[in-house]
Structure formats: structure tokens, C-alpha cells
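Accompanying notes for the structure given below.
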Amino acid sequence: MGKSAATKSSAAAAPEAPPATEAQQAPEAPAPVEYDPLLPRIPILGLSPQVDEGHWAASAFSGEVVPFRATAFREGHDRIGVDLILLDPSGVQTEHHMRPLAPGTDRWGVEVQLQEEGLWRYRVQAYADEYATWRHNAEVKVPAGIDVELMLTIGRELLEKAAADKRRSTAERRHLSEAARVVADTDRGVDERFQAAVDDRIRRILTERPIVALPSLSATRAILVERTRAAVGSWYEFFPRSEGAKRLPDGSWQSGTFRTAAKRLPEVAAMGFDVVYLPPIHPIGRTFRKGPNNTLEAGPNDPGSPWAIGGPEGGHDAIHPDLGTEKDFVFFLGKAKQAGLEIALDLALQASPDHPWVTTHPEWFTTLPDGTIAYAENPPKKYQDIFPINFDNDYDGLRAEVLRIVRYWMSLGVRIFRVDNPHTKPLHFWEWLIHTVNETDPDVVFLAEAFTRPALLHTLAKAGFQQSYTYFTWRNTKEELEEFLTGLATETADFLRPNLFVNTPDILTEYLQFGGPAAFKIRAAIAATGAPTWGVYSGYELYENVARPGAEEYIDNEKYEYRPRDYARAAALGRSLAPYLTMLNRARAEHPALRQLRNLRVHRSEDEAVLVYSKYLGGEFTRSGKPDAVLVVANVDPHSVRETMVHLDVTALGIEPGAQFEVRDLVTGQRWTWGADAYVRLDAFTEPVHILTVKPLEAAR
């Protein structure tokens, strides 16, 4: 006998229990609560743009073309329509029909150019499209003679329903009524009656304003649109102390000043740059000051690292006396504005041992058991000249001080801050600071210099940083760059705006060290065309490529000494990349497609070293009303000549499949007629990159 049977037998033999008394009876179960489905009548999923299911507002910039996407479907075979409902910062609502995307995916999309700065909100509405469903069924049944009168009757009723909609124009309502009358006229032939219900004008009218049933709405999502410079710009970094610095007869140096540095600004603007980034301009500590090439011993005339902030002259709200006064700095800002440049100031929250905070606020640092203050370390590296900040002892006091400092520089005219190593400070602090500043001054931009793990880098961007440094300097192969650039345009585009610096005072990659002039061209071309914002550190145009042995860092690093440069002599000798950088910035200025982030598409080449990508912007989004397409073909091997075939998705270039088109190289001025498959030859020793404009043959003539 099995266990279940034995249990049943034992239960049957048990004596019957006495009836329960009133006090012993179980309490009544609560009335069941009806479950409220999470899905609307027509499911709407996968909204984009959105960040972490709407936890953060998505990011966009004024003039950005944003692709809105959603997944929507319904049971059975009836047709649906999907609309984007946009609410701009002024409260004006607009609706945009979304189109079906790849067959079988149930994805819908539409592109909208957002202009007004501020917080936008959007929802997606899906609905049963009664006319589209009827037309689909009728186009099958009526020609086959199936349910003809029934289908025509349903069609007539739909036309009459649409004609009664007073939101339509008088002309549209009249046309709908006339069509309904023809469909109802049984003295006419079936074909004439049917065609009256499906002619091109009827289709257009009922596509622009469908007959809606079962309307369903998605959740609301937010998009923060910020000023264009928050995402679009060409940056140039220089040390003001080096601009105009002079070596004196005794071997010591006379520092450059804001007045001498201002003389460099027109040259930077002439290259097409629009932001000049300055390393810290504050007093520099003397205790444990670093000497040339980061040596531990500094001579009496060594200027020290600008990132060792603070001395007897002051801290983060002071100007190094060698550079000048507050008046001189304001003069420098004025000259920059005259040249069409903005100034980005470094915000480095750390201190030298001589910073006033060390004595006035020792609680803002970490004190070791022996009573000393901990200096910065990144084992095995040690930075005895810098004390890191500890936010956990007096958070309120420290954040108030940082806000005061930022607002002080803002009061002088600074609207962009490049933040040094933000990933080494609490992220909730940055979220608070940026949102507090932007609440009153939404035009202030913060760039995160965070070469760190993806989770940290991404969360800094989500928390409010308008721009981010990236891993671009270490992405050099075709495969690496394809993945990297595609990721910027898709996976992270809703929250991260990249700033593609080709070099920094701390970063001189082996690619640049050993790649020769070709490497400098290749990296600049990809940075300038691959993202809306890019940057160079001065000396790049002089092909500076000598590293400190065993390091990805410049020899005679400008962080620790003066580095005046003779740009004019290099140009006279033909050894300057400045004309090439100027060409790149001119291309960016003339081609709005290059100033977008989300429109990059990778194409295929047959060579492992030939990278191909394009950017396209439809005419409805350009000031000229003409489409703009730019195709980049780059030999990423700076040591070779490459010949190969490239295979293009011409629809991504605004070209009809099978059509030929003209390409013009912005680098050389050469023109060719291409098709979807084209031959290229790229010589790293002459011109390793094509930057091609693309036009249909009839438009190019």
C-alpha cells in the first residue's frame, strides 16, 4: 500500500471532531482585492529615451535630433497606431505619429528635434486604428468577392464617423462625406465604391488623424534639454603660465600671465576651437612641491603642479600671483569672449599641504593615528604634494564651501567647469552641487574628468555631469573603435555626452608615441567627426610625441615646468598640424550632421584596419533644408598603405538603394562617383583619412 493511500486510510479512521463553538470559528477572510493589471489595453513597453526606467531625466541638447522609440502591439491581427505626445518646457503639447520599424519587432519610432532648453516630458499613446484594420481586411476580401457588402458597409460607417469629427478641416470632412456617399451608392460598381474608400487622399487624411479606439497611454518620461555647448564644442587646453613664459639670463623663468596668454586666444579661435580649458589657476603649494618629470625635489624656480592647490596667497578662490590679479583674469575672459571663445576652468577638489583649509578646516582631511594628514596615493604612486578631501567629517560645511567657490568663479564670468577626478568624491555630492547650480544657472556646464570603471563613469553622467571624458584614448583598432563609437551613439546616448580628447598632460598613448604624423591625423579626425565634442591639449599640433621612459606621459611634463612653444616657427617649417585641425573644425561648423551624437552608423570594409562610419541629418532638421551626410573612411594603422573595398548601407546616407552618388573629400578636395560598394586606397604617409560629403548625383551637379 502506497503512502498516499495509507494517509487517506488513517484519516478516514479518525474520530469525527466536535463542531466548533462561535468563539472558536475562524475569522472571515478579507474581501479579495481585484488585481489591477500593469499593462494598458494595448501594451506599450521599451520606451526610449529613458534612463533607469525614468529614475533620471534623459539628456539632450538644444538642436539635438532625438530618436523616440517604443514597443507596442495588440492581440490578434487588428492594426494599431502609435503616437508620441510631447510636452515642451513652456507647456505646449505636440503629437507626432510614430512609424513601424523593423518587421516583426513591434518597435515604433519617430525623430524629433528638440530646441527649447528646459525639462521636456513625453508619453506614448497606442490605439486601435479602425480604418487601417478595415482597409487591410477589405483589400483581401473585396477583390475576392468575400463579404463584399458587409465590408463596404463597415467602411461607409467609418468614413461617416471620421466626417463627424469637428477637429478635421471643412475640406477634409466634405471629402470624407462624399466618399461615404459613394460607398453607400449600390447603383455604382463595387470597384468604384471600394476605391472611393481607399483613395490616396482618404488614406492621407486618416493617417494624419486616425480613427482611434481603445487609446492606451504609457508612463511619462522626462528629457532635460540643455544649451548646445553642453554637448557640442571643440576644446583646446593650454597652461596660461606657459603662454609668454621666458627663460631669464640666470636660468630662471618668468611666468606667462593672463595678459600674455590672452595673445594666444585669437590663434586658438582661428583654428576653429570654441572652448579654451585652463588647468588650475590658483596658488601652488611649496611643501613637497614636485620638480621636473614628477621628481620629488623641486628647485627654487620650479613652478610645481597646478593641481597642488593652495598656499599662503590663498586657495581655490585665489589666483596665482604670477598669473595676475582678478582684474587680469576678467580681462582674459573678455578677450576670450571677443574671440568667440568660452573659458573652462578646472575644479580640482584637493589641497596642497600649504592650503589655508589645512589649518582652518583640518576636519576636511583624513588625519592618521600619528596626527599627520594623509596625502594622495594611487599605489604604487604617491603624491606627497596633494592632500585628498574627506567629505565624511563635515559634509555640510564642505559642500557649502565648494558651492561658494563655484559661484565666485561664476560671478566673474566662468560658465564651464572641468572637474578633476570626480569619481574619487561622493557621487551624491556632485548630484547636489550640479543640480543646485543649474537650478539658478542652467547654462553652467560641468565636465567629468573620470577615467574610471563604467558604472562610476555612467552614474556621474546620470547624476548631472553634462559631459564626460571617455576611454577614447585607449581605443585604437578598427574593432575597438567600431564598438566604442556605436556605444556612444546608442547604449549611453540617453545620459552620457562624450568629450573625445586626443591627448592630455597626463596621457600620451603609445599610438601617438610611435605612430608618427599619421597617428596624430587619424586620432584627430576620428575624435572630431565621431562625437559632437572633442578636444586637444596644446602641443598636439606640433606632433609632440616623446614620452617619459616606461610611461604614457610626456617627457618634461608641462604639469611641472614651463613649456613655451614656437607655433609660428613650426608653421613656417611646415611642421604644424594646425591647418589640419582647422580643416576638421571647419567641417564640423559646416556640416550639422557632425554635431549630432545619435546618428553615427558603422559600415563594413574588407580590411581589418579600415574603419568606416557615417553621420546623416535629414533636411527637415537642417537650417538650409537640405540633407547632410558625411562619410569617414580611416586607415587606423599609421604605418601602412591600405587598399580595400568598402560596403555601404546607402540608406543611412540618404541615398536610394542602387543609386550612385558623389563623394567629395574635405581633406583633399577630390571627388569620386561611388555606389554601395567602393574601392579605397588610404596611404598613412600622405592622407590616412577620407572625410567625405555625400550627395546624390543630381544634387551634386
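From the backbone N, Cα and C atoms, a Cβ is placed for every residue, glycine too.
Heads up, TrEMBL stuff is auto-annotated, nobody curated it.
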Among ranges 1-28, 29-56, 477-504, 589-616, whichever one TrEMBL labels region 'Disordered': 1-28
Confidence summary (mean pLDDT) of the domain 'Glycosyl hydrolase family 13 catalytic' (233-569): 98
Rounded to the nearest Å - Cα separation of ASP420 (active site, nucleophile) and TYR560 (alpha-maltose 1-phosphate binding site): 17
Under 8 Å by Cβ from LYS290 (alpha-maltose 1-phosphate binding site), counting only residues of that chain that are 6 or more apart: LEU296, ALA298, ASP302, GLY304, SER305, ALA308, ASP385, TYR560
The one of GLN350, ASN421 whose CB sees the fewest other CB atoms within 10 Å, among these binding-site residues: ASN421
Distance [Cα-Cα, Å, rounded] between GLN350 (alpha-maltose 1-phosphate binding site) and ASP506 (site 'Transition state stabilizer'): 17
Fewest-neighbour residue among recorded positions, criterion Cβ within 10 Å, set ASP385, ASP420, GLU449, ASP506: ASP506
